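Below is one structure, written out as structure tokens; the observations come after it.
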């Protein structure tokens, strides 16, 4: 980077600093790095798309005017998103820098460069799934095949799948890695049938080394897709190729999934990801702030981690919302500001927060039982049936895993929870009185 470029930018930001509050300057301007200054073009590196958008809409004119004051020239400002630490290399080879990710063919471009093992925050809620994913990445088709990862929305399943793909490509660039959503797989199958290109479709998915399929639950009920995926699975498995699958639920709970597929999904290892605990939520927020170069007080992160418990996407979204709110209102980031910025999100989440304790209390009252009865070993119908209903509702209305639900009902096995869920689900299709009871219980739970 030239001395002239550095000196020009340092003088410019000193001018800009006098026009902004400290929080706005530190949040938006401090993270900018100059790349090049040529003719009438000034290229500036910014850490992410969100920052780029804010700079373009709110601070671009300020930068242009500061440079004009210094040089008497009006520059065209070009913000370039980059996470590279060496801006000099970016200037020389911007189009080829890929942030230490191997990009060797068409398939690898389907992987998100941000989703690596290094950027994944490990906690008690995801430690097992992370360890299993890393083991598969280190020894494809030798550790666990298939690897089936399940969990709620926004908990990191897709992140781990992309991380596996990146790790394998980094260590073996010649590997044929394919990442696809089940929806895309279905659409490609439909198009291959329509265009009479079945052979090409099968070659694409059966002559590879690694297949990563996201959201497999969406093939449920699609007979032709299940048929094709069954044969694809068999071809890869028999050729000793690695298969990684993700879903929002375990294989046994995917409705209208063919038994032959269900059994194959259970051949390898099933790993679940649960909602992050407080310590993990704090680590996620600190990692996000560090990556995005955001200056967030620790007490604000504690506030976010305390109020938002469901998933990673909402945590990170809350952080960005607070930063944007601070910038747009020219107020320092504080707990009070965070409370104001997140009031809509937090109030709506608090009204719909449902716990197993609440469900047990409502069900016990409805059936004139004690909560201890639902947790007891007694199996008389007047207790066993309400217990099954409570387990069913716990599965439907909370993010708790099957083992956790079983634990809350007297330490029962997760298979007992599955049996209860399936029994109530089946009975609901034909029992009107049960439908009425479930509706009433839902009302009472929502009123809590």
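We count from 1, first residue shown onward.
Including glycine, each Cβ sits where the backbone N, Cα and C put it.
Within the same chain, residues at least six positions away from residue 157 (ATP binding site) with a Cβ under 8 Å of its Cβ are 129, 149, 150, 151, 214, 246, 273. What Swiss-Prot records for 154, 156, 157, 158 is ATP binding site, and it gives sequence analysis as the kind of evidence.
The region 'Domain I, interacts with DnaA modulators' annotation in Swiss-Prot covers 1-73 and rests on sequence analysis. Note on the region 'Domain I, interacts with DnaA modulators' (1-73): its mean pLDDT in the predicted model is 83.
Annotation comment: Swiss-Prot describes 73-109 as region 'Domain II', evidence class sequence analysis.
The feature region 'Domain III, AAA+ region' is assigned by Swiss-Prot to 110-326, with sequence analysis given as support.
Secondary structure of the region 'Domain IV, binds dsDNA' (327-448) per DSSP (helix as H, G, I; strand as E, B; remaining residues coil): 89 helix, 0 strand, 33 coil. Residues annotated as region 'Domain IV, binds dsDNA' in Swiss-Prot: 327-448.
Neighbouring residues of the recorded ATP site, listed in sequence order and excluding 154, 156, 157, 158, comprise 151, 153, 155, 159, 160, 246, 273, 311, 312 (Cβ within 8 Å of the Cβ centroid). Residues near residue 154 (ATP binding site) in space but far in sequence (CB under 8 A, at least 6 apart, same chain), listed by position: 310, 311, 312, 313, 314. All protein chains shown were included, and the count of other CB atoms within 10 Å of the CB of residue 158 (ATP binding site) stands at 18.
Within the same chain, residues at least six positions away from residue 156 (ATP binding site) with a Cβ under 8 Å of its Cβ are 120, 126, 129, 273, 312.
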